[in-house]
Structure formats: C-alpha cells, structure tokens
Amino acid sequence: MDSGVWAACIFCLLSSLPVALGHVHPECDFITQLREDERTCLQAADRMANSSSGCPRTWDGLLCWPTAGPGEWVTLPCPAFFSHFSSEPGALKRDCTTTGWSEPFPPYPEACPVPLELLTDEKSYFSTVRIVYTTGHSVSAVALFVAIAILVALRRLHCPRNYIHSQLFATFILKAGAVFLKDAALFHSENTDHCSFSTVLCKVSVATSHFATMTNFSWLLAEAVYLTCLLASTSPSTRRAFWWLVLAGWGLPLLFTGTWVGCKLAFEDVACWDLDDSSPYWWIIKGPIVLSVGVNFGLFLNIIRILLRKLEPAQGSLHTQPQYWRLSKSTLLLIPLFGIHYVIFNFLPDSAGLGIRLPLELGLGSFQGFIVAILYCFLNQEVRTEISRRWHGHDPELLPAWRTHAKWAKPSRSRAKVLTTVC
C-alpha cells in the first residue's frame, strides 16, 4: 500500500468521526496540520522548481520530502500523530535515483502503523453516544414542553419561583433544539469531511449551540441566586429581582455570543467555527461558563449551610434520622437544578477525560432537562394538588389559604424569615 492510499484510509476514518463536546474530534488537529504541511511543502516546491538536478521537493500525502541529489538517501520520522499508536517512533527512507524518488522503505503501514479497527470502533462508539444524547434531548424536550404548559395554564401556580423554573425549562428546550440543528448541519451526509466542513448553516448552528449552552448555565445560576435570596431575604417582594434575572439570564449570553461571533468573523473565520481549543476567542464563551459553574457551586454550599441551620433543633445539633433525610433530600434535589455535576469536568481542558466525559456530559447531561421537569413540576406537590383540583372540579373557595398566598414564619434566631410557601 503506497503513501497516498494509506493517507486516504486514515483521512476517511478520522474526518468522519463525530463532533465531541461541541468541538471537532482531536484527530482533526492531525488532518489540519497535514493540510498546512502540504500547502507549505507545495509552495516551497514551486519556488524551487528546476533550481537543481536530482529529486525535487515532494509531498506524498503524509510527509514532505526535501530536495536531494542523485544517490542520496533521505530519512524522515513518521508524523507525530502515529506516536499515539506505537511506543517506538517509526521512520521511513527514500532513495533519490536517476529516475526520481524510490518508494518509501519500509512501507507506511509497517513504519507508521495505525490500528484501523481501533478507529472503526471509536467511530461506532461516537455513533452510540450520539443516539443516546439524541434520545435524551428528545425525551427532555417533550417533558419540558408539557411542564411549561402546566405552569402557564394553571394560574394558581403563577409566581416568580415558577416563572424562573419556566425560563430554565425553556433553555433546556433551546439547548436540545441547538443540538438537533448542529447535528443536521454536520451529519447530513456520511461523506461529509467534518474537519474542513464550512457553511453558513454550520456556523449558525455552532453559534446557536453556544448561545443555548450559555443561557442554560445562566438560568441554572439564576435558580441558585433566587433561592439564596429567598432563604436570606427579609422582604417577600421578589418580582423586581425576577425581572433583573430575566435581563441577565438572556441578555448576558446574547452579549457574549454576539461578541464571539464578531471576533470569529473578523479574525478567525475558518472551518465551522468549532476548532476552538487553541483559540483565544473561545474564552469569550468558556470563561463566563466556568465562572457561573464556580459561583453556582459556592451558592450550592451556602444553601446547604442555610438548610442545615434551619433544620437544626432549638436544643441541640442536627441528629435525628428524619432531619438527616430532609437535608439529604433537599441536597439531591438541588444537584440537577443547579447543574452541580458540571463542576467535575468544567475546569478541565476540553479534550481531557473524553472516555468518561462523553457519557456523562453528552449522555446523562441530555437527560438533565427530563429530570428537572420530573422533580420540579410533575412530582411537585403544589402542581399535583392543583391538577387534582382541576381534574376533580374542586371548588377553589374550599382550598386552604396557604394555597393562594405566601406565608412567612416568624424570624428565626438568625433574624432571617423562612418562606414556607411561595405560591
């Protein structure tokens, strides 16, 4: 097998691997580097054409062979990419004969081996992950649509807390739609070269994906901020705070995404805008996300501290099993609502831990919207009570007063009022 066929086999497998974690698969770096090496090699060959006797500078599909005199042997190492598959660096030799360059020795498959079956298995693995996250986002979108419809249709559930839940639900739906749009743009054909693919639809899908991701993180943060203010506030009025959260939750992601799009158009308008690992402009998107996850985690710990204090008996410390259960239940409910699981990978490089990161962030993460809809709508006692009242036609006048008004307990020792019911 000559170098051209060997390079074509590798390109065919690598360029068809799916996009992972919102970025082109790392092997695309190898293909991009090869294309840059080819361009440099051919430009140098054009400048040196007919400048000397012997063998001219030549690109064979993987390596650039320099000019050489008759009878001269040239040795070059395998491209750096092949070191991932072999502990010993390979090398090739070519002889400059009177009739031109000889064939590389040893042949490329022997000098620079690549387990093609491994790449095939990797492609199959990514396809499976894609099926899982497509299913997850689809299920989540349907559940979230139903949850929003319930919160909007039942007027007794109209309150700032549920308004914020609805905004968060909407961001999960937007995120699912962005994933479907991106997949449609990138994977509409099996023959598409994902490493160099570049269309307006592709760039729009990537920008939409970034905006959806940022809005999702911003409303996860809004949930944490709102609950913190609710637990610590001395005033039951929260509607003004809600509108500030709306402005920040949608406005800031739009501002950062618009800035990123402007920078890409002006300074880095290449490929499909998803080669971001080495781009300084990527931090316009990633920086606010990392910051929001860090702040969210801090607020999560603070809320657990507040809950621990409020569950503490007057005489002593928390020690009874029911109180431990209440605290554990509250903590577990906050994890999907605040997206605390993102702390695990959010501070690592995008290419780190792909083997674990893909199933967790793409697989389980796609079901996060479904879990949030279940916990904060379908299993919510107020929602179930209101649906039951509507279903059985109960007279609203017979409902207890706490169903329609906010009730505030007396100040605790810490002088913070405890909200027992919001709606």
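Numbering starts at 1 and runs along the chain as displayed.
Including glycine, each Cβ sits where the backbone N, Cα and C put it.
Listed in Swiss-Prot as the disulfide partner of Cys64, from the options Cys41, Cys55, Cys78, is Cys41.
In Swiss-Prot, the cysteine linked to Cys55 by a disulfide bond, out of Cys28, Cys78, Cys96, is Cys96. Topology note: Leu154 and Gln381 share a membrane side (same topological domain name in Swiss-Prot). Only one of Cys78, Cys159 is recorded by Swiss-Prot as the disulfide partner of Cys112: Cys78. Here the candidates are Asn50, Asn216, and Swiss-Prot annotates Asn50 as N-linked glycosylation site. Same-chain residues lying 6 or more positions outside the transmembrane segment (241-261) and placing a CB less than 8 Å from one of its CB atoms are 160, 163-164, 167, 207, 210-211, 214-215, 218-219, 222, 225-226, 229, 281, 284-285, 288. Most Cβ pairs within less than 8 Å of the transmembrane segment (131-151), among stretches 168-188, 284-304, 358-378, belong to 358-378.
Of all Cβ atoms in the shown protein chains, 20 besides its own fall within 10 Å of the Cβ of Cys78 (disulfide bond). Within 10 Å of the C-beta of Cys112 (disulfide bond) there are 26 other C-beta atoms, taking all protein chains into account. Neighbour count (other Cβ atoms within 10 Å of the Cβ, all protein chains): 16 for Cys64 (disulfide bond). Neighbour density around each Cβ, counted as other Cβ atoms within 10 Å, peaks among the disulfide-bonded residues Cys41, Cys55, Cys96 at Cys55.
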